[in-house]
Amino acid sequence: MAEDSVDLGRRGFLRGRTRAAPAALRPPWSRTERFTDLCSRCGACADACPEGIIRAGDGGFPEIDFRRGECSFCAACADACPEPVFDRTAARPWALAVRIGPSCLAVNRIVCRSCRDACPEAAIRFALAPGGVAVPAVDGDACTGCGACQAACPADAVTLQPGSLRAEPENAHAS
């Protein structure tokens, strides 16, 4: 399948993207290190996803879009895939870092608890910060990376990115 490889960096450059796009989130249990080599881009995983969060991304490769909803970890995507893309023996379906950006309403002193209310694992708590403002804090041990918090955020401040399964606040939170 080497001849089917797509240079996603060149594609972005030719489309006028000068900044690196965030790494694509692949479906749970996928072998991310060889994903583009193994995936045939057939769309079976997207068709099987009952949550509708898998869509075709750059080059037609499946990506997770948490703005559409959360992952229920039902494994329908892995079961539907005809290629050896998924590894269901992995201890966790994926490792994602939760990032809460500067557009977070709570960070901007506007009362909002949408991410906390949406989290099925109660992994988001609001800690009182200096000045009497409660800001979100994510418990990386409790977080499954399901994406419910991102889907619920009215300010698009919550993102999940490949990395260790923990919260990584952006520098804007230091103020």
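Quick reminder: no glycine exception, Cβ is built from N, Cα and C everywhere.
Keep in mind that what you see is a predicted model, and the values were worked out from it rather than measured.
Per TrEMBL, the feature [4Fe-4S] cluster 1 binding site maps to CYS39, CYS42, CYS45, CYS49. There are 24 other Cβ atoms within 10 Å of the Cβ belonging to CYS45 ([4Fe-4S] cluster 1 binding site).
CYS81 ([4Fe-4S] cluster 2 binding site) has a Cβ environment of 21 other Cβ atoms inside 10 Å. Among the features that TrEMBL reports, [4Fe-4S] cluster 2 binding site is placed at CYS71, CYS74, CYS77, CYS81.
In the three-state DSSP scheme, CYS146 ([4Fe-4S] cluster 3 binding site) is classed as coil. Annotation source TrEMBL lists [4Fe-4S] cluster 3 binding site at CYS143, CYS146, CYS149, CYS153.
Positions annotated as domain '4Fe-4S ferredoxin-type' by TrEMBL: 30-59 (among others).
Each residue in the domain '4Fe-4S ferredoxin-type' (60-91) has a pLDDT score, and their mean in this model is 94. For 60-91 (among others), the entry in TrEMBL reads domain '4Fe-4S ferredoxin-type'.
For the domain '4Fe-4S ferredoxin-type' (134-163), same-chain residues at least 6 beyond its ends with a Cβ under 8 Å from one of its own Cβ atoms are 22-23, 25, 32, 53, 64, 66-73, 92-107, 112, 114-128, 173. According to TrEMBL, the feature domain '4Fe-4S ferredoxin-type' maps to 134-163 (among others).
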For CYS49 ([4Fe-4S] cluster 1 binding site), the one of CYS81, CYS146, CYS153 that lies nearest, given that the binding-site residues are compared by Cα: CYS81
Helix, strand and coil totals (DSSP H, G, I; E, B; other) for the domain '4Fe-4S ferredoxin-type' (60-91): 9 helix, 4 strand, 19 coil
For the domain '4Fe-4S ferredoxin-type' (30-59), residues assigned helix / strand / coil by DSSP: 14 helix, 4 strand, 12 coil
CYS42 ([4Fe-4S] cluster 1 binding site) CB neighbourhood, other CB atoms within 10 A: 14
Count of other CB atoms lying within 10 Å of the CB belonging to CYS74 ([4Fe-4S] cluster 2 binding site): 13
